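Pulled from TrEMBL:
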DOMAIN    98-324  domain 'ABC transmembrane type-1'
TRANSMEM  37-58  transmembrane segment
TRANSMEM  102-121  transmembrane segment
TRANSMEM  133-155  transmembrane segment
TRANSMEM  186-206  transmembrane segment
TRANSMEM  238-257  transmembrane segment
TRANSMEM  298-324  transmembrane segment
Amino acid sequence: MKNVKSLSMSYIGKRLNVNEVTKSVAKKRLFIVLKKVFLYAFVICMSYILLYPILFLISNALRSKEDLFDPSVIWIPKHITFSNFEYANVLLSYPTAIKNTLLMLIPSVIIQTFISMMVGYGFARFRFAEREILFTILLFTIVVPLQTIIVPLYVKFRYFDFLYIGKLLGFITGKPLTVNLLDTPWPFYILNLFGMGIRSSLYIFVFRQFFRNMPVELEEAAKIDGCGPFSTFIRIMVPNATGAIITVMLFSIVWHWNDYYVSAMFYNENLPISVMLTVLNNRMSMIQDAYNFSSEDIYLMGSTVLEAGCLMVILPLIVIYIIGQRYFTESIERTGIVG
């Protein structure tokens, strides 16, 4: 009897252990399922928040005049039209504005990326007495608004005098010789060349963090092979900084493309796309004369044409992001933006 009781007790104990293990496994599975549900819900909500403005622009830009006051039209227009893009193309002077933007953007991005990379490498690797002080000043420039120095910059580029050569010649001619660089992309080139471009301080910080995380042995091996500091930077460090370069270039492209304040200050006639977008509404009379529209038609079309123009402005950025998204996400951890 004792053996039977002991066997039955052990059997019951084993069943209890099995039940406990089963409950534990069920709890873990439930936790995993709930975690996935929460994660998917969070991703869907964030995707909706980010995609809603773009979907709204697309929906409104494709609407005809009849769809504007049709309460049954919410997302998908009943009368899809591309005429709004045609009008926006005329109002924005789109090809000319894109050309002006690219003339400013492409050299600026290349200069800014290279200069920021050189300065960041210097802060990361070279030891000198004032390094920490200069880097602290650099960090402070990140938070200083550009509006505080825009007036002296405007005056400087309106009466530009390289190394005060014009002032020296003025002693001979009796009048200082200056060059007006406004309404040209040269103010952007010069500012980026001296590390004072749009968000240059942030990019220097990114490169500094990246180069600090690279092994010193690479430079030591290059030094043994006879490379100097600049040769080591060009041949060893730059090829290994592809991730940081792509990250900085993407940020630089976006900020130069979207910049309105600085562009509006330095440009008067050859306006880039960001400034042209702000004057789109004021130029609606152009299509009123060109297409013989009434004032009522122009009023009704104002919002749809504006949204078509906004979509045309952000479309190149979306294409660039889709192309560079894989490289951007792969390089985020290596660039050290957080750390």
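Using the three backbone atoms N, Cα and C, a Cβ is placed for every residue, glycine included.
Unlike curated records, TrEMBL annotations are generated automatically.
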Per the Cβ filter (under 8 Å) with a sequence gap of at least 6 from its ends, the transmembrane segment (298-324) is approached by 54, 56-58, 60-61, 63, 65, 68, 84-85, 87-89, 91-92, 94, 98, 246, 250, 253-254, 257-258, 273-274, 277, 280-281, 284-285, 287-288
Cβ-Cβ under 8 Å with the transmembrane segment (133-155): same-chain residues at least 6 beyond its ends: 123, 182, 187, 191, 198-199, 201-202, 204-205, 208, 261-262, 265-266
Return the stretch with the most CB pairs under 8 A relative to the transmembrane segment (238-257), choosing among 37-58, 102-121, 186-206. 102-121
